[in-house]
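Quick look at what Swiss-Prot lists:
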- 1-20: region 'Disordered' (REGION)
- 8-18: compositional bias 'Basic residues' (COMPBIAS)
- 92-251: domain 'CP-type G' (DOMAIN)
- Asn139, Lys140, Ser141, Asp142, Gly193, Gln194, Ser195, Gly196, Val197, Gly198, Lys199, Ser200, Ser201: GTP binding site (BINDING)
- Cys275, Cys280, His282, Cys288: Zn(2+) binding site (BINDING)
Amino acid sequence: MSKLSHQQQRRIHNHRQNKLAAGDRADAALVVAHLGYQLIVDDHGEILAADWRQKLGAIAVNDRVLITRDQPQHAIVEGIYPREKTLYKQHAGKLKPVASNIDQLLITFAPVPDWQNALLDRFLVAAHQAHIEPAFFCNKSDLFDAQTFAAAENRLAIYHQLGYRVFYGSIYQKTGLEELTHWLSGRQTVICGQSGVGKSSFIHYLMPDIDVWTQAVSAARGFGQHTTRNARRYPLDAHTAIIDTPGVRGFSLTHLQHSEVVSGFPEIHQYTHECRFNDCSHQHEPDCGVQRALERGDISLERFNSMMQICAEREV
């Protein structure tokens with residue numbers, strides 16, 4: 001077969017660019033797993049391994065991409081359709097997308113291992129910056145007795161007051177999950193949380209035929225078992241998916257400006273307009289509206305300290 005002429009190559013390139021610019025996603029494939037060195041894409045129900053043009057930069061799970069097939073079961077990603085609502089992580093000193101085109105973030109934790117509200121706050125800031133809806137899921141609620149449940153409710157009271165949803169349930173006992181499942185329906189949801197809180201068990205609960213999916217991914221890879229160390233998308237139905245991000249305990253926030261971090265704490269941010277200085281750090285400046293609110297007890301000291309810790313990290 002003869003090689004394409006420069007004119008033919010340019011015509012093909014321009015056609016692809018026009019499709020991407022127009023947002024014509026009818027032919028788009030979906031990135032369902034990123035294995036670091038290789039992508040797995042869903043091309044209208046067919047699972048394929050894929051490489052990508054390095055000039056495209058980093059690719060995220062749930063990206064809509066334009067592909068060409070260089071082999072019957074292998075593709076090349078030629079372009080990325082415009083992204084909506086993207087979460088990022090820091091990797092090797094660079095900011096890279098974790099997942100794109102997402103609707104909401106499910107922050108998962110459990111009484112064992114115990115959680116830290118500071119970690120929950122980091123996830124909330126990431127959700128705020130991505131303009132996605134966050135909610136909390138406290139798994140292993142069967143481990144609570146009346147006293148420890150009351151203590152947990154007290155620790156989470158600030159989030160209730162701020163209007164965030166908090167779901168309680170037990171994957172092990174399959175109780176308290178109906179409302180949460182309804183919240184997930186029809187949405188693209190990233191699930192996050194520290195190891196041992198039951199994320200994998202929850203995904204297995206939501207997707208009973210998960211083994212079929214992982215076998216399809218393994219077949220596309222051509223060898224071995226599907227990795228659990230990289231982000232991947234689990235389709236629950238045609239309109240619903242869970243995106244797991246193993247190893248990401250806290251999305252990177254170091255790229256955010258000080259004001260962007262503060263805006264992720266809305267109950268604190270509302271007092272910044274009372275500060276004398278526009279660039280107030282809310283620590284030692286005179287006439288600081290945030291400090292006055294803190295002294296009055298109008299904002300949580302724990303939340304304030306959490307915010308200042310995130311701000312300090314970005315200055316290192």
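Every residue, even glycine, has its Cβ placed from backbone N, Cα and C.
The Cβ of Cys275 (Zn(2+) binding site) lies under 8 Å from the Cβ of His282, Glu285, Asp287, Cys288, Gly289, Val290, each on the same chain and at least six residues away in sequence. Taking the binding-site residues Val197, Cys280, Cys288 in turn and counting surrounding C-beta atoms within 10 angstroms, the largest count is reached at Val197. Cα-Cα distance from Ser195 (GTP binding site) to Cys280 (Zn(2+) binding site): 37 Å (rounded to the nearest whole number). Put simply, Asn139 (GTP binding site) is 39 Å from Cys280 (Zn(2+) binding site) when counted between their Cα atoms.
What surrounds the Zn(2+) site, by Cβ distance within 8 Å of the Cβ centroid and not counting Cys275, Cys280, His282, Cys288, is the set Thr272, Arg276, Phe277, Ser281, Gln283, Glu285, Asp287, Gly289, Val290, Gln291 from the same chain.
Asn139 (GTP binding site) is surrounded by 26 other CB atoms, counting those within 10 A of its CB over all protein chains shown. Here the binding-site residues are Ser141, Ser195, and the one with the most other Cβ atoms within 10 Å of its Cβ is Ser141. In the three-state DSSP reading, Ser141 (GTP binding site) counts as helix.
The binding-site residues examined here are Gly193, Lys199, Ser201, His282; by Cβ neighbour count within 10 Å, the least packed of them is Ser201. Within the set Asn139, Lys140, Ser141, Asp142, Gly193, Gln194, Ser195, Gly196, Val197, Gly198, Lys199, Ser200, Ser201 that the record links to GTP, no two Cα atoms are more than 19 Å apart, and one pair reaches that distance. In the three-state DSSP scheme, Ser201 (GTP binding site) is classed as helix.
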